[in-house]
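These features come from TrEMBL:
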type: COMPBIAS; residues: 185-194; note: compositional bias 'Low complexity'
type: DOMAIN; residues: 29-101; note: domain 'Transcriptional factor DELLA N-terminal'
type: REGION; residues: 1-25; note: region 'Disordered'
type: REGION; residues: 150-199; note: region 'Disordered'
type: REGION; residues: 305-370; note: region 'VHIID'
type: REGION; residues: 384-416; note: region 'Leucine repeat II (LRII)'
type: REGION; residues: 535-611; note: region 'SAW'
type: MOTIF; residues: 336-340; note: motif 'VHIID'
type: MOTIF; residues: 442-446; note: motif 'LXXLL motif'
Amino acid sequence: MKREHQESGDGGGLTGKGERMEEEDAGVDELLAALGYKVRSSDMADVALKMEQLEMAMGSTAGAGPDDALIAHLASDTVHYNPSDLSTWLETMLSELNAPPPPLPPAPAERHHPFDLPPAPAPAVASQSTLFDVIAPAESSTITTVDFAAHAPPPARPVSAARVSYGPETPAEIPASRQRKRMRSSSASSSSSRGAVGIGSVNTAATEASSISPAAPGPALVVVDSQEAGIRLVHALMACAEAVQQENMKAADALVKQISVLASSQGGAMRKVASYFAEALARRIYRIPSQPDCSLDSAFSDILQMHFYETCPYLKFAHFTANQAILEAFAGRRRVHVIDFSMKQGMQWPALLQALALRPGGPPSFRLTGIGPPQPDNTDALQQVGLKLAQFAETIHIDFEYRGFVASSLADLEPYILEPSRGGGGGDEEPEAIAVNSIFDLHRLLASPGAIEKVLGTVRAIRPRIVTVVEQEANHNSGSFVDRFTESLHYYSTMFDSLEGGAGGSGSLVESGGQQQDQLMSEVYLGRQICNVVACEGADRTERHETLSQWRGRMGRAGFEPVHLGSNAFKQASILLEFFAGGDGYRVEEREGCLTLGWHSRPLIATSAWRLVDAAASAVVSR
């Protein structure tokens, strides 16, 4: 059983106790304090000496006879101290190890296997592996010592779940009768007191993998669990974000350096996303200016987005679901007009043109208005895209008209620029059916006060038949910096995990090299978003993502109501995912008439469709 440790006092009052606490806090090493350890700078040498003495004391007890009694003594009768007071904890461990052990306990029940440990509840199995799967409170630390019975060792197993380093022990210092392995694990003190097994519990797989044959020569192996390193990495990220919010840049500087070291010890998506967040924190701490939102930066972003389009299904899903909603809104109309708020390379529109060309009764007259930012070399990129689309429309026999407008911001648009064409015929000619399309564009307007309201007012003035909106399903635009940091860490760890899970094999080296390049550029594309969310503030922070429920409120206040996306869009979007490696991990869900695409249980992007409230009322009256 465990006993609470109480320090003896001299009878002083509350004032004296408070003064002692202030004196103890003075001179505490800030780096160790941020990680939960309370050590004065003046005591660093003494702590290091005690750690060496503790290592020697524990090593010397390895060859003693009553090992089982010593372990039972430490497990049941030892007074457990808070290891945040590192110096006192080391001193206590030394005194316990040097004290004579109690009498031997009764012989334990016979076990069927030399490596059988006492039963423990099984940890929960996660459905996916992301950076936040290793988060757990780290309020205390323990050193667990496990003795193995002197039997023939099992066959050697490969070490895969842990990182192995060699210790200083020599073969002569390892007793031939038994081996002792020490593992350090971080766990919450509340979880430890209940005996629950979780993230901080001893990894039995790593225990078996790192077992050493008593007869085998060579140095001892000390196993550092990669899961523990992941826990420390996440806690260091969160501690650094809190230090930044409190403007404690000295502690933040020390922590961001540690994050870089811890991230290098990880692999896969965890290492990549942690490295991007470390870079973003460093930019904020050291006040390194981010890339300006200029035409050159916009052109580079377009290139990165093309690679992102090829790597994963998110943009394809956005284009497909928006096109399906537009196609249904244009049913039976002879003159249609699409206004694209982000023309870029025009990759969305060939599929819609093909669908219209196959429509019963023949294709309609199609007009496309593309809006884009100015180019760094002053070239008319929008006109070049329009020319290619016009050539494609001609091959499938569609009457096609195109206009391109250069605008630094969507807020610069006016209704007269987007007004529908009156046509060249008589007054009885059918008016245009207008669709407004926005793919990852509207959230950028939230950086400028009043901009989103102005743009939605402009859209309302041209009276579109439908408005399609695709946005990230995340809240990166409210709360404190720590709240925004935590939400973005959740979101982008899942996004990077989907990139890793969706990277399938290829039939040729050329295709494999192209996939690797696409994935690398896609990671840069997401990394730039991370940098903007974490490192920037004010008008420079343009990645202000909001959730579907938040957009529902904004669109409702602007005079729009949702249009239910049909079941055909859901079925065909699900079929689309079958063409991607790792398709089992992607999930399409219907939420109140909108469609979301995510990785496992986490939605990542959402498609919604809207129409004017009064237009819906007039449509009901006409029926």
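Each Cβ is built from the backbone N, Cα and C atoms, and glycine gets one as well.
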Within the motif 'LXXLL motif' (442-446), residues counted as helix, strand or coil by DSSP: 5 helix, 0 strand, 0 coil
Contact set, same chain, for the motif 'VHIID' (336-340): CB under 8 Å, 6 or more residues outside the stretch: 326, 330, 346, 348-349, 352, 356, 364-371, 418, 420-421, 432-437, 462, 464
Segment-level pLDDT (mean, integer) for the motif 'VHIID' (336-340): 97
